[in-house]
Amino acid sequence: MGNVATTSGIESARELISTRKDHHLDLCLRADVGSRGPATGLGGWTLEYDALPEVDLEDVDLSVTLFGKKLRAPILVGAMTGGTDRAGLVNRRLARAAARCGLGMALGSQRAMIVRPELGATFDVRASAPELPLLIANVGAVQLNYGVGTSEIRSAIERVGADAIDVHLNALQEAIQPEGDTRFKGLIARLEGTLPELGVPAIAKEVGAGISERAARKIARLPFAGVEVAGTGGTSWARVESHRAPAASMQAEVGERLAGFGVSTAESVRICRRALGDARTVIASGGVRHGMDVAVAIALGADAAALAKPLLAAADESEDAVVRVLETLIFELKVIAFCCGARDVAELRAVRAIAPGAAMPGVVDAEARQ
Ligand SMILES: Cc1cc2nc3c(=O)[nH]c(=O)nc-3n(C[C@H](O)[C@H](O)[C@H](O)COP(=O)(O)O)c2cc1C
């Protein structure tokens, strides 16, 4: 995320990326960076509860296969960081915790290590978590317009031993970021040429403003293996960048105002599932916080869900704190599946999702009775 090739003086650009990465960590830990206005859209939904589920809790199997890798549950550690010593520590804690829980993890943008290969160690989590079942690399799509090519991305993937790559789409963030990269023209053609050469499945990923129908249609025509929606309702990157912008600047003001701009996570999951069909993967993210969010997202069409900010707060504390958050999520999801009579994720996906304010199936509401 962020401009390098166009700034004068490579050294200052390199400094800038590292400073920005630590600044992002501080802001996400301490400032109010929540999306404004529309929430995730997951909150008001519930699933049809079944008091006679005909399944044993211990037999509920939440395992899923994503990008050819088997996970214990449909949960991922979302893309966050890398590029500084502190970010390296966060990455190692996240990776070890994900490995202990049998879950996958995405790295933050690897732009920093493309510019400064010696920073590769801060992304290299395989050494401390060799049993991590799924590792996802990360690069900003817009970097294809700023001198990053197939070979740099391939070596970033290979250097960390990733199984897939997030290609993040962050137009709103870049527009508010004081030093943002905003030349997005021509990216579709570049992605068309680059994605098949990467050697691993690529995932189109927003960072908190969601994938609309218009974007989903374009993504569907590209050789992406899936999407991570990162819809509104969670961390707002317009807001994070607004905090980083000089006080009283246009960026600061506009970033605050557009902190809820985009598509909610729930809407984006449904849109992407429709646009991408069943053969491609849809990951729900953006404000996913609890097991019920994951369960509802799955019932609305997601294959899995990812969380970022809550896991950063835990990783800032310890690896054990991350494990506790992840194990609690898995347990909650298991209890929900059990109480819906779902033995596995396929059955959970088929459970009836009840929209906010709608009556339970079979319940005739007062208006309908008249
Ligand atoms: C500290 C932090 C750094 C992030 N950096 C990246 C990044 O480098 N690349 C990326 O694709 N997404 C990045 N994200 C976005 C998240 O992956 C996610 O899409 C977004 O924060 C919404 O999820 P949340 O509400 O669970 O935080 C970052 C998120 C956080 C909290």
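For all residues, glycine too, the Cβ spot is worked out from N, Cα and C.
Residues A79, M80, T81, S109, N138, K205, G287, V288, R289, A308, K309 are given by TrEMBL as FMN binders; from T182, T235, T328, that same site also lists T235. According to DSSP, the secondary structure content of the domain 'FMN-dependent dehydrogenase' (201-349) in residues is 80 helix, 19 strand, 50 coil. The Cβ of N138 has fewer other Cβ atoms within 10 Å than any other of the binding-site residues Q110, N138. Using Cα positions, the member of the binding-site residues R20, S109, R111, E174 nearest to N138 (FMN binding site) is identified as S109.
By the rule that a residue counts when its Cβ sits under 6 Å from some atom of ligand 1, the binding-site residues Q110, N138, A308 yield N138, A308.
The secondary structure of N138 (FMN binding site), as reduced to three states from DSSP, is extended strand. Ranking the binding-site residues A79, E174, T235, V288, A308 by Cα distance from R20 (substrate binding site) puts E174 first.
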